[in-house]
Structures are given as structure tokens and as C-alpha cells.
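Right, one structure below, let's go through it.
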Amino acid sequence: MKFAVLVFPGSNCDIDCYKAVEDTVGQSVDYVFHTATDLSAYDAILVPGGFSYGDYLRCGAIAQFAPVMTEVRKAAEAGKFILGICNGFQILTEAGLLPGALIRNNSLKFRCHQVDLVVENATTAFTNAYKQGQVIDIPIAHGEGSYFVDDETLASLKANNQIVFRYAGDNPNGSVENIAGVCNEAGNVVGMMPHPERAVKDILGSDDGVKMFKSVLNAFVTQAKSGAVNGAGAR
Amino acid sequence: MKAKVYVTIKQNVLDPQGNAVQGALHTLGFGEVGKVRIGKYLELELDTNDRAQAEEKLKVMCEKLLANTVVEDYRFELEG
């Protein structure tokens, strides 16, 4: 399985993502620059945290038009696995690949600490190794992570089981219904404010993020097997 | 031609910055201040004399980039 970690000017969690892939699932991983125009070689695309383009105008607003994003859209449509973390989540919402928007924390403070998350949907490409309702310990680090959706979109998120994570304890940022992460309707694109790539070893405070990477490997293997079966059937 | 673009937070969306400024104004003794909402103001110089076309293009600029219509409204004025 091949992973791409996107790198925008101002990304700063790209190395963490790269190392997390190496350390958790040991699969092939490349840094891919924002100017890239071909992602066809990759099975999973990680959009890392940071402050792409200095967060000018709005978080993710400029990054959504980087050349590589055309390829990310294609990959999303093709059912490839895409995970946006923190600024990566903001970029995916700005790009319209995920519903809603991330606005300023209601406290106006940059919140940087561990949080408990409830896994609300354990069927996505990135959460299938968790149990439904499991509480996991993952850090957050953001100033603009308050998730907003209008009532109509919220109802459709619930109807389609698109709420992936909720904050279990105090709501750290004012997110609607304590939402910490969502997915698209197909479940192959996931976005979240917390940082699973910073929770892959006990010495980091938690290794509860490991299963996100195991999950996507599971999803890939399952997809490859069903592809092989279909291929055999066609012959 | 010059365009003035105003991007404002939708009424149903929380504006914590506006709330903080409201609190600060109250502390300064301006008790008459009610709700405060903070937005963005952009000035754009446009290399065109075609007003209708400029309006059309500004709308696209706002929808695509200048405003996030999930949480923001926009309006603009053209001068010259």
C-alpha cells in the first residue's frame, strides 16, 4: 500500500504523519508537494496539519486551489482513502470534499492538550479497527476548530452516519454537537481536528491513534481482495 | 474600477471575537453597545470598465474564494 503525505507551504505535521505511517503499518510513504499533478500511484492521501499559506484569508482557503487538490478531488471520487487532520480537515471542508466549516474556538484560545474522543462511526476506512462507541485519547492543537454546519446538513450527517468522532468530555472549541470529525457519504474521506499521528506511541502520551492507520490498511486489503475476486469473476 | 467587498459572519454563526470586543467596550464604559460582529473588508482594483461583467466576476470571486458561504455572507460595491 502506498501513502502520500501532502506538503503545502506552511504544513508542519507532515513529518509526524510520514513517521506515523512508517511506525504503525510500515507501508511505503512519500511526501508529495502541493504542486504535484499526479497522485495516481497512491492508495491513501494524508492531508496534514499546520498553517498552509499562513492561514491567510481563512484556514485552508488558499490551499484548496493548490494544483495537487485537483488530484485529491479525483482520488476522492475514485474511492481512494483520504484523511485530513487539523489544517488538513479545514482544507477538505474548504474544498467541499467534506461538509461544514471550522471557525474560531469559542474560547478564542489555541487549545493544545489531550482529549477523549468517542468513535461514533467505526465503519469508515480510517476507523474500522476501533469499536463503535470506544473512547480514545488523542491530542488536539488548534485555534480554529469549532465545527459548524447548518441544521439541515447536520440532519443529513446524522441520517448518513457521517459523524465519525465526538469530544467525550468538555467541548474544547464550541463545535456543534461536540463534533470532532466527519466523513463524506461514502466513508472514504475523513476529516478530524485531533491529531492521531501524534498518538502512536505510549511515550507520546497515548498510542490510541495507531488504529487509524491500521484501519486504512484493513480497508485497502479488503478493497484489494474484493477487486481480485471481481477480476477473477470477469475472467 | 474599484470594488469594495464586505465579508460578514452569518447571523446564526457564533462570533467569539465580536463577543470579546463587546465585553471590552462594556469595560471601557460604553454600556450602550449591544451585539458586535466582526467581518472582513477587502479593496480590489479591477482592470475593466464593464460594470456588468465586473459584478458577475466579483460574485464568482466571492463564492469561490473570498467568502466561505457555509459561515459567511458577502456584499460588494463598485466605484468608478
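Placed from the backbone N, Cα and C atoms, the Cβ positions cover glycine too.
In TrEMBL this protein carries:
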- A:C86: active site, nucleophile (ACT_SITE)
- A:H195: active site (ACT_SITE)
- A:E197: active site (ACT_SITE)
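When secondary structure is read from DSSP and collapsed to three states, the residue listed as 'active site, nucleophile' falls in the coil class. Shown in sequence order, A:C13, A:P48, A:G49, A:G50, A:A141, A:H142, A:G145, A:M192, A:M193, A:P194, A:H195 are the residues of the chain, 6+ apart in sequence, with a C-beta less than 8 angstroms from the C-beta of A:C86 (active site, nucleophile). Of all Cβ atoms in the protein chains displayed, 31 besides its own lie within 10 Å of the Cβ of A:E197 (active site). Under the DSSP three-state reduction, A:E197 (active site) is assigned to helix.
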